[in-house]
Amino acid sequence: MAFNASVALSLTNSQLLLVSSIGVCSGFRSSVACNLRCRRLKGDVVSSGSRSRSFGMVTAKAQKIEDHPLLNDSMDNTGDEQVGDVRPKVPERDFTGTAYVPVYVMLPLGVIDMNCELVDPEDLLNQLRILKSANVDGVMIDCWWGIVEAHAPQVYKWSGYRRLFQMVRDLKLKLQVVMSMHECGGNVGDDVHIPLPHWVTEIGETNLDIYFTDREGRRNTECLTWGIDKERVLKRRTAVEVYFDYMRSFRVEFDEFFQDGIISEIEIGLGPCGELRYPSYPAKHGWKYPGIGEFQCYDKYLMKSLSKAAELRGHSFWGRGPENAGSYNSAPHEIRFFRDGGDYDSYYGRFFLNWYSQVLIDHGDRVLALANLAFEGTCISAKLSGIHWWYKTASHAAELTAGFYNSSNRDGYAPIAAMLRKHGVALNFTCFEMRTLDQYEGFPEALADPEGLVWQVLNAAWDACIPLASENALPCYDREGYSKILENAKPLHNPDGRHLSVFTYLRLSPVLMERHNFQEFERFVKRMHGEAVSDSNAI
C-alpha cells in the first residue's frame, strides 16, 4: 500500500515486519486490505501507504508451471537456507485450528501498461498458478484512473483489466481491487510512472488551482485538491462526479465478476498514495524524514472555503493559513505555531485546525457515499497513513499538517472512524509493523511512537466497531518475519476474539518465486489459514 518519501530499503530480517493486533466486530463486512509501505535511508524509517512504492513489473521469465521445482517438493520442507541471517530455531506458537485469515498477494505495479494492455500474460499466468498452489485466497490489483480514462472524459478503456480478471477467475482466485485515483511514481523505488489522466493535466495547465498547493505556491500534481470536490471545473463535472462516474463504469464493466463473487473488496483511493490525508510531506518538494511537513490549503478553492468559515465564525481575519508554521523540514520546537504552548492551541489555531481536518473528513464522507452507491453490496475499505513522527510531542505537528487533528488534548482519529462507520466502510491503517524502540536508532530526536499511534487508532476503530486489516510494509521471506505477522494477526488470549480480517502480501516478485522463499511463504499461508504444518517447533 502505502509513504511519499525519498528513502530506500535497507533493513535486516530482524527489522522486517510487525503487524499489530487487529480487531473485527461481529457482523461487520470483512475482507479488507491495508496498504503499508516502509523505507529506510541512513537509518530513517517511515511508514508508507503509496501503492506506487516497492517493486515494478515482474520481468524475470517464470518457469512453466509443470517445470517449477516448487510443485515437485513438499512445501513443508524448510531445510533450504533462508535469505539473510541464519538463526537458530525458536519455539513457535501453534496456530492449528485458529481463525482463518485470508491471504492475498499484491500484483506488480506495471502489470497493466499505459495502453491498458496486460504485460507478459503468459509469465503472469505461470506465477498466478504457483500462487494458487500455495492456496492463497486471491490477488490485489490497482485500477489506475490515469490509464483507464487517460485521453478523454468518460471514455474508459478496461481491456487489460478484463483479461487479467478472466485469468484470475479461471484459477478460482479472488480479487481485491483498488480505485487508484492518484499519480503513481516520482519516488525512490518507483519504476512505473502513471500520471493523472491527460485531459485532467491539460486542465491543470490553465488552472493550477485544481491541485493541492503549499504556502509558497508549489503545486502537487499527485492528486486533485479536495477544494474542487463540488466545483464544476473538470469539463463541466465536479471532482466527486468524475470519481463516481469512474467507479460506476468499473462496476458496470465487471458486473459478472461481482455477481460471481470474484471481486471480494473495493478499496477507494481518497488522496495522495490512495490515503485519506493531505500531501503534506512530498519528497518532490524537498521533504525529508522527520520533517513536520506543510499545510496544503493554498489553492483558491480551499482558501475560499477557509474565508467563508472565518466569516461564519465572525472573525474574517482568520480566513488565512498560519504564517508561522515553518517549512517541510522544520522541527516542532523550532516553530512558534507547533512548539509547546504554541499558536496551534490558540483560538485561531484551534479554529484553523478544526476547519482543516473537517475538510478531510468531508471529502471522505462525500466520496464514500458515492462509492456505496456504485458498489452496493460489496465490501469497501479506505486507508489512513501512519504519521508516527513527533507523536510524543504536544502538538503532533506532522499529523496536523497531514489533516489529523490529533494534538495531545484531542483524539483526531475517532471522528474519522465515525465517518467510516456511517458508510459501513472498513479502515486500513499503516505502520502496524513498526517498533517504537527502532525509531530511536536513526532519529531519536523525531520523538516517534508508532506503537502508541497504532494503539490509539485501533481503539478508535474498535470503539466504532470497524474491522481492520494489514499487509507487510517490507519484503518478507523468512520464518521470523512471518511469525511476527502471525502473532499479531491472531492475538493470543484476546478476550474479544479479535483477529486480522485479511492479510495482503507485498508483493509478487522474482525473489518470492525462489524455491526456499516460496516454501516459507506457503508455510505462512497455511498457518494464517489455521492449518497444521508438519515441521512446526510449536509451543
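A Cβ is built for glycine as well, from the same backbone N, Cα and C atoms used for every other residue.
Here TrEMBL flags 1-27 as signal peptide.
Annotated substrate binding site per TrEMBL: Asp142, His182, Asp190, Lys383, His388, Thr430, Asn472, Ala473, Arg507, in sequence order. Other Cβ atoms within 10 Å of the Cβ of Arg507 (substrate binding site), summed over all protein chains shown, number 23.
The Cβ neighbour count for Glu275 (active site, proton donor), using a 10 Å radius and every protein chain shown, is 30. According to TrEMBL, the active site, proton donor annotation covers Glu275.
As annotated by TrEMBL, active site, proton acceptor applies to Glu471.
Around Asn472 (substrate binding site), taking its Cβ as the centre, 25 other Cβ atoms fall within 10 Å, counting all chains. The distance from the Cα of Glu471 (active site, proton acceptor) to the Cα of His388 (substrate binding site) comes to 18 Å.
Glu275 (active site, proton donor) sits 17 Å from Asn472 (substrate binding site), taking the Cα positions as reference. Residue environment of His388 (substrate binding site) contains 28 other Cβ atoms, counted within 10 Å of its Cβ in all protein chains.
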